[in-house]
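Engineer: Annotated active site, nucleophile per TrEMBL: S180, in sequence order. The active site feature in TrEMBL is assigned to D265, H297. Taken from TrEMBL, the feature domain 'BD-FAE-like' covers 92-279. The feature region 'Disordered' is assigned by TrEMBL to 1-20. Among the features that TrEMBL reports, motif 'HGGXW' is placed at 111-115.
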Amino acid sequence: MDGLGGGPKRGAPWKRMSKEELENQYSPSRWVVRLGAEEALRTYSQIGNEAGPEVPQVHLPHFIGEEVTKRAQATGRNLLDVPYGDGEAEKLDIYFPEAVSEALPFLVFFHGGYWQSGSKDSSAFMVSPLTAQGVAVVIVAYDIAPKGTLDQMVDQVTQSIVFVQKQYPGNQGIYLCGHSAGAHLAAMMLLANWTEHGVTPNLKGFFLVSGIYDLEPVMHTSENAPLLTTLEDAQRNSPQWRLKTAPTQPVDPACRILVTVGQHDSPEFHRQSREFYQTLRRGGWKASFEELHDVDHFEILWNLTQKDYVLTQVGRVPSPWTERVLP
């Protein structure tokens, strides 16, 4: 099979793929196991009225949506549309537990959507289990493509974290979580120059869920149409490429990183996650890798709502996930 560019290529596996296969590998909806591709995309942004603890997991693979967020907002223990910058999209929502205190752990979430869709207004699905355990949850909005560029998105995510640290300097730790494109944006914070912003956030952990860490393959798919990413853009905004070419030492050696991928994610998503984990380990980061059984790219988010799941344990000190999952 001829690779991209018209002839066989060596190196990364994706370079030996045809454009059709590469498109398939980077289209998560084509790899769902319980819904068709079209239904997966449609239901990913919707919520069924059946959402609740009595409903089996298999019936709730794509429950993320506006209804869950509305329920979280209705609690009243929140601050909505808080500006973290001057831009129209530079806003975030903060959800607090019952006992509001500055000395709380904060989980900051960045939504996915291939940098061109998704919203904070349909991403508050993990709020209830986290606030129930004393964790404040921050959902961040950013300018998606084509309005926003990758450089701009990375800068906005950086600003949002600076804002949280300055607003709540007595926090018990800031944990970053992102899904898909959001995992990429969270991972870019490993490379941030906090000195330029006059504050070093109290980062304690990263939860990277089914992410993309090398953007060069995406350049050769239809997903790049609204992004217009050049090779220079891709390298500058690829944590995998940057950590391999110019390793960055951890600011806090105790900060831990969990890289996860769904069993039914595509082989390319598996390769990206595992190779990024390996790069982190070689660079001295406290990283761990976990493949989540029997979930696809969308279903993996279900775990964020489970009270006994690793991602909902950040409020305990010491956190079980730091002891059990990240040895």
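From the backbone N, Cα and C atoms, a Cβ is placed for every residue, glycine too.
Each of these features: where is it, how hidden is it, and who are its neighbours?
Structural biologist: Counting only same-chain residues at least 6 apart in sequence, those with a Cβ under 8 Å from the Cβ of S180 (active site, nucleophile) are P28, G112, G113, Y114, V209, S210, G211, I212, H297.
Taking a C-beta cut-off of under 8 angstroms and a sequence separation of 6 or more, D265 (active site) has the following same-chain neighbours: P28, W31, S210, S273, D296, H297, I300.
Counting every protein chain shown, 25 other Cβ atoms lie within 10 Å of the Cβ of H297 (active site).
Nonlocal intrachain contacts for the motif 'HGGXW' (111-115), taken as residues 6+ away from its ends with a CB within less than 8 angstroms of a stretch CB, comprise 122-123, 139-140, 144-145, 148, 150, 153, 178-184, 210, 223, 227.
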